[in-house]
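See below for the structure under consideration.
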Amino acid sequence: MLLLAALSQYHGSFALALGGLRAHGTLPFLVRSIPPFNLQVGLYYGGWVALQACLNHLLPGKIATGLPTPGGQSLPYKVNGLACCITNLAIFITLAAAGVFRPSSITAHVGEFLFAASNYGFILSLAVTIKCYCMEPGVKDVRFTGSIVHEFLSGIELNPRLGKYWDVKLFQIGRVGMISWLLLDLSFAALQLERFGSITNPMIVVNALHALYILDFFIYEDWYLTTIDIAHDHFGFYLAWGSAVLVPALYTTQAHYLAYHPVEITCTHASILTLAGIISYIIFRTSNNQKFRFRQTNGKCVIWGAAPKTIPAAYRTVDGSLHRSMLLCSGWWGLVRHPNYIGDLLFSFCSCAACGFTHLLPWSYLIFMTVLLAHRSWRDDRRCSEKYGAQWMKYCEVVRWRLVPFVF
Ligand code: NDP
């Protein structure tokens, strides 16, 4: 709400918004900033989520298998995200071209949409928590911690499902979170065109880089099944509400800011930023691909022209059975323990830099990603050291740096 207030009432300045917060008092400020309830917008949002559900169910897609869960399950997933995303884009463009709706109309009501998304995120988080309390005992991959607050926030069930293929977590992150990010970015570009008569270079850079990242997510959706979000994090408020609200609110800050406060950069600067963004993306994608290929082929692959260096590792699942695994120490993974996070952070930097250095607000995406991924690197190191014990310690000795060589 602070973000929305800063953008709509305080000229895109966090500092001014914080001044307003101090002047009015936190609670009155927040109450004043709550977007009004708008039934029509709520119905549009509900209809859009229902459309995502229909597309997810109806559009064809290959069936991919997720990583074995700690409970020993290998779950099937219908991977049709790219088809769903392209269909959304086609509907958006067709309706806009036919004059049925103004593409900027989503952003004209962005607060109300986020309010509706927030209600949906809360209801979904509550629903999955209640579902777990109503389950028969003996269901695999559920985690009751004894703290209802922790369970609500971090989730109880690893992979809540509707039917055989419909994974609620993948649906929420991919279909609701990522597609709303793409559509909102486009809508902010349309708003800028309406307000100022042209789309500026920074808006093009931001939209192009974000579209690349979002399309990558869907093109490599079977890879995404192996990430921490799907393979390890349980589904609760963080992922349900975060995907519904935080992603469309925070990840679109740059386009949102530019729609109201256009910044001009030369074509040369825009090209340099785009090129730097593409190089960062290549680091992100190739490092993720190296690990994915390494695991898929049991180490029988070539990385940077040679057979990969590996550390054999083993772990036990909850039923006590022993499983063999391997840790990669070559390519990007021989330089730091989380090279894919570095690619992601550099990429975020490039899209934020397109908005200039006048205000902190458009940089909130990079700040959020830095906190998220630095914390994640620590969380993952702790989880892997519990899972692999001495073998993970050995990996940490071989690959000493967590994120930045010789620094961290
Ligand atoms: P990773 O894909 O890096 O997954 C970490 C897991 O990989 C570990 O838990 C371990 O799992 C395995 N692993 C770690 N090191 C090695 C190694 N050396 N060799 C083999 N396996 C290893 O992390 P994330 O899921 O967090 O991130 C995936 C991508 O998604 C990243 O590029 C990240 O930047 C991006 N991301 C983007 C977000 C956004 O909001 N835009 C949010 C979160 C992530 P195992 O138990 O299988 O051994």
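Cβ atoms here come from the backbone N, Cα and C positions, even for glycine.
The feature transmembrane segment is assigned by TrEMBL to 41-59 (among others). Below 8 angstroms of C-beta separation, residues 78, 80, 83-84, 87-88, 91, 109, 112-113, 115-117, 119-120, 166, 171, 175-176, 179 of the same chain, each at least six residues beyond the ends of the transmembrane segment (41-59), sit close to that stretch.
Taken from TrEMBL, the feature transmembrane segment applies to 79-101 (among others).
Annotated transmembrane segment per TrEMBL: 113-134 (among others), in sequence order.
The transmembrane segment annotation in TrEMBL covers 196-215 (among others).
Per TrEMBL, the feature transmembrane segment maps to 235-253 (among others).
Non-local neighbours of the transmembrane segment (265-284) in the same chain are 200-202, 204-205, 208-209, 212-213, 216, 332, 339-340, 342-344, 346-347, 349-351, 353-354, 356; each lies 6+ residues outside the stretch with a CB under 8 Å from one of its CB atoms. Per TrEMBL, transmembrane segment is recorded for 265-284 (among others).
Among the features that TrEMBL reports, transmembrane segment is placed at 345-373 (among others).
Sequence-distant contacts of the transmembrane segment (345-373) (same chain, at least 6 residues past either end, Cβ-Cβ under 8 Å): 3, 6-7, 12-15, 201-202, 205-206, 209-210, 213, 250-251, 253-254, 257-258, 261, 263, 265, 270, 273-274, 276-277, 279-281, 283-284, 338, 403. Long-range neighbours of the transmembrane segment (196-215) within the same chain, counting only residues 6 or more positions beyond its ends whose Cβ lies under 8 Å from a Cβ of the stretch, are 82, 85, 178-179, 181-182, 185-186, 188-189, 251, 254-255, 258-259, 262-267, 269-270, 273-274, 277-278, 281, 347, 350-351, 354-356.
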